[in-house]
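What follows is a set of notes on a single structure, which appears directly below.
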């Protein structure tokens with residue numbers, strides 16, 4: 001075992017039939033932690049079902065099914081290694097809640113890999129007004145995903161095959177769109193690939209000898225190393241709370257910022273419940289401290305399971321503890337709402353792990369979403385494609401933070417009619433001081 005590689009998270013985005021599953025499956029298959037025996041059994045099963053063409057996507061389908069069926073979240077299956085990084089694929093797209101997951105995502109992606117269908121008609125469908133290519137790229141940028149890699153996929157099926165002119169045409173059009181969204185297209189590699197045949201995924205392909213840039217694997221290796229927010233105060237949104245016989249109450253979640261360690265006195269927002277952390281575990285091993293990105297369970301003393309809920313946030317009681325938000329102001333982009341959104345609108349907000357109805361109390365301004373310039377003060381409504389600053393009031397106690405200070409707790413999806421109608425980033429929060437919150441004996445001793 002050499003030195004542990006740096007971990008990065010990747011989100012794979014793009015239109016429905018662009019080949020996301022095949023490309024992701026291929027990487028995991030060739031570079032990943034899937035046991036060869038497992039793959040052979042998949043291959044056999046795929047062949048029996050005449051799904052040979054689907055081999056790589058099939059890998060992902062099997063993994064998805066296993067992930068949905070079992071409670072064991074074997075994240076190792078979603079990993080692959082480059083020379084420099086250990087990469088985790090955060091969410092396998094194609095999921096109905098993909099956009100919601102991307103926002104509340106258990107994690108901030110370090111890089112978005114945008115898969116484009118280069119075939120005749122395929123590219124046009126993806127980039128059209130209704131296609132998801134634009135929406136996903138805009139989302140990635142709004143949510144602070146710094147790096148973007150574009151894969152011009154299905155190069156084996158262009159007319160003629162492996163067509164340079166088709167590649168050039170796509171690069172030109174996608175670059176101009178990415179520029180509108182906010183990315184610098186000169187910093188975005190465009191890699192012509194075939195996720196199915198394997199061209200330029202890992203090794204250079206002689207079919208594409210006109211292309212001199214990096215392969216997909218090399219492009220991933222060239223991502224700048226991300227900075228991790230371990231210096232910030234602790235924020236750990238709870239995903240679940242378990243009662244474990246002989247141990248007690250164990251909240252589970254992902255450290256978003258800061259560190260958590262045994263002996264620390266934590267305060268849970270929004271209620272202000274304060275207690276001592278007895279132990280911290282990851283993958284059944286005790287930790288001396290857990291860092292941002294770690295999915296952990298931690299044991300707390302004298303706290304009933306009913307006192308903690310999904311969406312609560314653990315924080316260090318001595319370092320900017322988490323508090324309930326009385327109201328907050330956010331920059332919101334309306335993505336797919338059939339009508340007009342005006343003051344009083346009360347959809348559900350998905351922010352980190354919480355899922356709470358929030359009232360749009362006051363639409364303060366309408367802005368140009370690219371430049372941020374104000375277009376109109378106190379507009380009557382916002383509609384599709386509009387962006388604006390909105391003051392919001394939660395209908396139940398919830399914890400949110402500014403995007404600038406705690407990014408994962410400062411971005412949200414607005415859900416209505418079973419879809420994501422808008423996304424937002426929080427600019428300012430007015431907090432409530434907790435009243436009458438329970439402080440356990442263990443925590444008092446520590447004071």
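Placed from the backbone N, Cα and C atoms, the Cβ positions cover glycine too.
Some features that Swiss-Prot has for this protein:
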DOMAIN    5-230  domain 'tr-type G'
REGION    14-21  region 'G1'
BINDING   14-21, 91-95, 153-156  GTP binding site
MOD_RES   55  N6,N6-dimethyllysine
REGION    70-74  region 'G2'
MOD_RES   79  N6,N6,N6-trimethyllysine
REGION    91-94  region 'G3'
REGION    153-156  region 'G4'
MOD_RES   187  N6,N6,N6-trimethyllysine
MOD_RES   261  N6-methyllysine
MOD_RES   289  5-glutamyl glycerylphosphorylethanolamine
MOD_RES   306  N6,N6,N6-trimethyllysine
MOD_RES   362  5-glutamyl glycerylphosphorylethanolamine
MOD_RES   396  N6,N6,N6-trimethyllysine
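For residue 79 (N6,N6,N6-trimethyllysine) paired with residue 187 (N6,N6,N6-trimethyllysine), the C-alpha to C-alpha distance reads 25 Å. The separation of residue 14 (GTP binding site) from the residue listed as 'N6-methyllysine', Cα to Cα, is 39 Å. A Cα-Cα distance of 26 Å separates residue 306 (N6,N6,N6-trimethyllysine) from residue 289 (5-glutamyl glycerylphosphorylethanolamine). Averaged across the domain 'tr-type G' (5-230), pLDDT for the predicted model comes to 78. Sorting each residue of the region 'G1' (14-21) by its DSSP state yields 2 helix, 1 strand, 5 coil.
In sequence order, 117, 122, 125 are the residues of the chain that are 6 or more apart from residue 17 (GTP binding site) and have a CB within less than 8 Å of its CB.
Between the recorded positions 79, 155, 261, 289, 396, the minimum number of other C-beta atoms within 10 Å of a residue's C-beta occurs at 396. Here residue 187 (N6,N6,N6-trimethyllysine) is positioned 36 angstrom away from residue 289 (5-glutamyl glycerylphosphorylethanolamine), judged by their C-alpha atoms.
If you compare Cα positions, residue 155 (GTP binding site) sits closest to 187 out of the modified residues 187, 362, 396. Separation of the C-alpha atoms of residue 362 (5-glutamyl glycerylphosphorylethanolamine) and residue 187 (N6,N6,N6-trimethyllysine): 38 Å, rounded to the nearest whole number. Here residue 187 (N6,N6,N6-trimethyllysine) is positioned 43 angstrom away from residue 396 (N6,N6,N6-trimethyllysine), judged by their C-alpha atoms. Ranking the recorded positions 20, 187, 306 by the number of CB atoms within 10 A of their own CB puts 20 at the top.
DSSP assigns residue 396 (N6,N6,N6-trimethyllysine) to coil, not to a helix or a strand. Annotation note: residue 79 (N6,N6,N6-trimethyllysine) sits in a strand segment as assigned by DSSP. In the three-state DSSP scheme, residue 289 (5-glutamyl glycerylphosphorylethanolamine) falls into the coil class.
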